[in-house]
Amino acid sequence: MERIMFRAKIHRATVTQADLDYVGSVTIDQDLLDAADILVNEKVDIWNITNGNRLHTYALSGPRGSGVIGINGAAAHLMRPGDMVIIAAFGNFTEEEARVLEPKVVLVDARNRLLELEPA
């Protein structure tokens, strides 16, 4: 049996832009994607700390060092620039893998610059 486990998150990031006219997804600074080991087009959950909204989408790469967290498409109705969010990724793991999994927690500052990596 495989289990779906939390494996990484970008914690308390600030939404920098919202674009209703974009097809969909969330644009994330590539430095943060790398730190969290989230791939382009990987499914992510976004939990809005500011207003409680939650959604599923997929990750797109933003310019390195830009701090961009861009909410695109219909999701822009749920999240606005300035909102604080958690972006989380999950994966399927065997029982053995799940028991030793050490999720990555990427902490950022107010400008979405990497502060540190912490174990979950």
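Glycine is treated like the rest: Cβ placed from N, Cα and C.
Annotated in Swiss-Prot:
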ACT_SITE  S25  active site, schiff-base intermediate with substrate
ACT_SITE  Y58  active site, proton donor
BINDING   T57, G73, A74, A75  substrate binding site
MOD_RES   S25  pyruvic acid (Ser)
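Features recorded in Swiss-Prot, as mapped to the structure shown.
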residue: S25; record: active site, schiff-base intermediate with substrate; CB count, 10 Å: 18
residue: T57; record: substrate binding site; CB count, 10 Å: 18
residue: Y58; record: active site, proton donor; CB count, 10 Å: 14
residue: G73; record: substrate binding site; CB count, 10 Å: 16
residue: A74; record: substrate binding site; CB count, 10 Å: 13
residue: A75; record: substrate binding site; CB count, 10 Å: 21
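DSSP classifies the residue listed as 'active site, proton donor' as strand under the three-state reduction. Residue pair G73 (substrate binding site) / S25 (active site, schiff-base intermediate with substrate) shows a Cα separation of 7 Å. Between the alpha carbons (Cα) of A75 (substrate binding site) and the residue listed as 'active site, proton donor' lies a span of roughly 11 Å. Taking the C-alpha positions, the distance from A74 (substrate binding site) to S25 (active site, schiff-base intermediate with substrate) comes to 9 Å. Distance from the CA of S25 (active site, schiff-base intermediate with substrate) to the CA of T57 (substrate binding site) is 5 Å.
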